[in-house]
Structures are given as structure tokens and as C-alpha cells.
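Taken from TrEMBL, the feature transmembrane segment covers 39-58, 70-92, 113-137, 197-217, 229-255, 267-296, 316-338, 366-385, 391-412, 475-499, 505-527, 539-564 (among others). The annotation domain 'Cationic amino acid transporter C-terminal' is assigned in TrEMBL to 537-566. Residues or ranges marked as region 'Disordered' by TrEMBL: 593-616. The compositional bias 'Polar residues' annotation in TrEMBL covers 597-616.
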Amino acid sequence: MAPGLPSTTSLACFCQKLNRLKPLEGSFMETSLQRCLSTLDLTLLGVGGMVGSGLYVLTGTVAKQMAGPAVLVSFGVAAVASLLAALCYAEFGARVPRTGSAYLFTYVSMGELWAFLIGWNVILEYLIGGAAVARAWSGYLDSMFSHRIHNFTEAHVGVWHIPFLAHNPDFLAAGIILLASALVSCGARISSWLNHAFSAINLVIILFIIIMGFILAHPHNWSPEEGGFAPFGFSGILAGTATCFFAFVGFDVIAASSEEARNPKRAVPIAIAMSLGLVASAYILVSTVLTLMVPWHSLNPNSALADAFYQRGYSWAGYIVAAGSICAMNTVLLLNIFSGPRILYAMANDGLFFQVFAHVHPRTQVPMVGILVFGVLMAFMALLLDLEALVQFLSIGTLLAYTFVATSIIVLRFQKSPSPGLASPGPVAKEYNSFQDHTQLVGTEQASAPEPGQLRPALRPYLGFLGRCSSGSTVAWALGVMVASAITLGCVLVFGVLALHLPNWGYILLLLFSTIVFVLSLLVLGAHQQQRQQDTFQLNYLTWLRFFIWLLIGLMVYFGYGIWHSKENHQELQQSATARYVVFPNGSLEERVQAVQPPSQALVQKPSQEEQVTSP
């Protein structure tokens, strides 16, 4: 081999480092954070995380520019898609009740590198989400004061014409982020109380909007004279669904807070289901009354609900709606600042990020350094960056996190040897002491209960060729093929005939082939034993460029720091170092090999003369 080139063995070891899994050992309830959140607390955290700018801003934007009154269908389809992702989070949150959310879920099932990238992108998701909500918050408050804040900033600072930057700095948004960071740093209980207060006000105002909206409803606004129920057709509904999906981003705050829940195995699934159901109902009902109050084409996308009441002559109701929007955005902002530093804390606690972020304040029991750094970065983004660019960039990280969590659930269900703590607690096993007991155990129980990842016994006579591969390899291949076929099918449906430049028969053939491959891979997964227990959604190249730049920075941090300071790496180094030491006690009749102790311990435990005489 040429000098300076890595050997095959070292390259293989390096690849193993990238895919090593995090073992979950010990009690799940042991944590340096404070377990103080109940099921109600978690439910309101989820509601507060999802009901924000989506209800007060996205509803009008999608109704006027994408779907018309059919926005309620878009919200319904987006809610179903979000429910599927939420079920994955609920299952993982019950199995692994630790902070870290998608990062931790990926670490215990898919590997270290993938976990780091997911955690890195989830941090970006919280940063962008908080900055976008802060700018929307300031915009709503500015509209209540007849845009005096905006005009004052333009008069004294000027207008910028730089790509990716806002037209002028938003000092109000940056200031509210810093204030929220100071409140979150006071402890989880303080954050929960603030969320309770803002969420209660917000829910009352949403109920007011629904009741008042149905009183002022005009069915004529859905008539063909006004454009009909779906003026943009089916493609508009799909485009609206892709945008409405952003409105449900936020339920993962429940999984991120599971380490601070009193009874996470029960509270996390219940809180996710209840919060998503409440929020989906609110979105559908509010979008219904909004398009019934005024014609969809007359809506103001920036403040649709308040403007609808203004148009109907109820200006006082518009102020109530504006106050509700500010309360809702406050909850989202608080929860983004609450969740993001906890992802940093989980990564730093595992050694993949700088250890200063793993420090927990002894009195408030929160990751203080992470909250302060996270808040400053978010304030900087809200001060300078454009809101539209922030929201568009957010979609990539969310989609990637949800995809990896769903894939991790499949991997976990088919794992042959799950990590300790992942298996569901079952009845106490019988203790087998005799040889006859061991024979009985192997002969009956193992035959009737195949290991996860193996072919089901009933299908072995018909699908024996699938059982020739090693345990779990067929499942891994089927999962990879299913993901690839799903991506292909999605590209075919999104980009269509014109973008792919294919004839009609080629388009149909590709559509059928990807569908058949997806179904077959799904059937192959179903044949193996498990553990018991959008149409115009396109992103421009600049968004992808920013995404890959962020990934590149994350890879530099991981390969420059995380991979070498990982706790798993330290354990591997200690194991390899202790395995090199061999001690031969003097005076013994036989050479004894002790290959598990370092020299310091071996010298201390050197046998005395009496032991050497009595030794065989």
C-alpha cells in the first residue's frame, strides 16, 4: 500500500464509527433535568407549538393564492399526513423517553452520523421557526399601530436591497426573542406556566372566531359567482396541502420534552394525539369560517382573520383576533427556544457537540448556555433575514427529520437484538437452572416465537428464498428499496410529464413501476417478524444551496469534534487499550493471562507469596 493512504482495516473501522448505535442502558427516569410536566402540560405544549402563525397567517395565504375555500381540505389532508408522522413520534417517545427527539431516535436505530445530521437540521428548524414567528409577530403588532413601527425603521435606518436579507432590520422581533430566551432560562415550570396562560387565551379567542364567524357566514362566498369551492382545482389543493403541512410542525416539542415529563411512557402518546386532534379541528373550522365570512379573493394574506372582521364592519373583533395571534405566536416562540437548546444538550451530553452545551444550571435545571446561545442566534436571524426565505428553508429540515423518524421506527421494529431499555416490559421470565429446562426452552418457546427480522413461520414454505439471506439483511434491502421507490413515485407525481420530458406511455410506465416496487417492498417487510410489544411543492436552487451549506458546516463540526469526543469513541479507545496488556505473575506454576486490566491495576493485584505457594 502506498505510504500515507489509509488501510482497508482502518477505513472499515472509520465507517463503523459513523454507523455505531447509541446503547440505552440504565433507568429512563434518571436525568439531570427536572421531571415536572404532566400530560396536560405536554398537551398544551403541543397545542402551543402548532397554533401560531399558521392559523393567523397561513390560512389567508393558502386560501387566496393556492386553494380558495378548499383550504379546509388542504388542512385536513395535511393533518392526516402529520398524524402519520406524529404516530411515529408517539411510539418512539413511549419507547425512548429521553430528550433529543428525532436526533435520539435516529441515534438508537440508524447510526451516529445520521443522528448528528438530523439533530443539526432539527436545531436549524427551531432557529428558523422561531425567527419566522418573531417576524410575523412584529408584523401583526405593527399592523395594529398602522405600520408606524415599520415606517419609523425605514425613515431612520433605510431600505436594504440585498438578497436573502429583509428590506430593513426588525428590532422588535429580535427584542422579543431575547426576552423570551430570558424567560425560558428561568426553568421548565416557568415556561410551562407561560405556555398555559398564552394557550388558554388563544383557545378562547379561537372559539370566539369560530362562533362569530359562523354568525357572519355567507354561503354565497362559496358559490360559482365567487369562483367556486376549489377555484384552483386539485393541483391547488395539493399545493395548499404542502404549505399547510408547515402549520402542524411543532408536535415534536412533546417528544423533545419527554425527559422532563413525570410519566413519559403514558403522557407522550396521549399528549401527541390530543394536541394534534385539537389543532386539526381548529385549523379546519377557522379556515371554513374565514372563507364564509368574506370572499376568498378579497382576503389580506398577511392578516387574513383580522382583516375579515374589518371588512364586515367589526373592527373591535379584529383587535381581539390580533391579540390572539400575538398570544399564539408567543407560545410558538417560547417553545422553539425551549426545545432547540435541549437538542443541543442531548448532542453535547453524548459527546457529539461541545461540552459547554451539556451544562445544566443547578438551580433552574435547564441547559443555560444552550438557551443563551440559541436565543442570540435566533435574534440575529430575525433581525436581518427575510421571512419568506426562512419559511421556505424550514420545509427541508422538517421533511428530512420526519422521514428519518419514520424509517427509524421500521428499523427498530425489525431489529433482532434491540438495545436495552427499548423492549417493552413483559412478564417476569422463568429461571431455568437445569439442562432439561434449557432444552425445553429452546425446543418450544424459540420455535414458536421467531426473532425479529426473520421470515414468519407460516410463510417459510412459500417464501423460503427470502430466508436464505442473513437475519435482517432482507429487511434492510426491502426498506432501502421502499424508500427509493417512494422518492421516485413522489418525483413523478410532483414534476409530472412536462418537467420529466417523457412521453405519456413512459410517464405511465414509470408511475406503475415505482408503485409496484413500493407495494412489493412493503409486502416483503410485512412477511418478516416484528418486535412484539404535493403537486407544486418545489424549492429553488438557492434554498437547496443554503441547505447543503448548513449540512457542510455540520459535517465539519462532527468530523472535527463530535466523532473524536463521542462517549462511544472514548469507550472504544479504553477497551482497545486495556486489551493490549498481558501480565504473567511471577512464581506461578502456570502462566496466567490477564488481558482485561491496565498495568496499574495488574500491579496492585499481583499475587502474594502465600497465594503463589497455594496456587495450583
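In case you wondered, yes, glycine gets a Cβ from its N, Cα and C as well.
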Inquiry  = Using a threshold of three or more Cβ pairs below 8 Å, and leaving out pairs closer than 6 in sequence, do the transmembrane segment (197-217) and the transmembrane segment (229-255) count as in contact?
reply    = no
Query = Under a criterion of three or more Cβ pairs within a distance under 8 Å and sequence separation of at least 6, are the transmembrane segment (366-385) and the transmembrane segment (39-58) in contact?
reply = no
Task = Answer with yes or no whether the transmembrane segment (267-296) touches the transmembrane segment (113-137) by the criterion of at least three Cβ pairs under 8 A, sequence separation 6 or more.
result = no
Query = What same-chain residues lie close to the transmembrane segment (39-58): Cβ under 8 Å, and 6 or more beyond its ends?
reply = 132-133, 136-137, 140, 192, 195-196, 198-199, 202-203, 206, 243-244, 246-254, 257, 261, 263, 266-268, 270-272, 274-276, 278-279, 282-283, 286, 301-306, 321, 324-325, 328-329, 331-336, 338-339
Task = Six or more residues out from either end of the transmembrane segment (70-92), which same-chain residues have a Cβ under 8 Å from its Cβ atoms?
result = 59, 62-63, 101-102, 105, 229-230, 232, 236-238, 240-241, 243-245, 247-248, 251-252, 254-255, 268-269, 272-273, 276, 279-280, 283-284, 287-288, 290-291, 296, 402, 405-406, 408-409, 412
Inquiry  = Given a Cβ distance threshold of under 8 angstroms, which distant residues of the chain, six or more beyond its ends, lie next to the transmembrane segment (267-296)?
reply    = 37-39, 42-47, 49-51, 54-55, 59-60, 62-64, 68-69, 71-72, 75-76, 79, 82-83, 86, 89-91, 93-94, 97, 206, 209-210, 212-214, 216-219, 221-222, 226-227, 231, 244, 247-248, 251, 254-255, 258, 261, 304-305, 308-309, 311-312
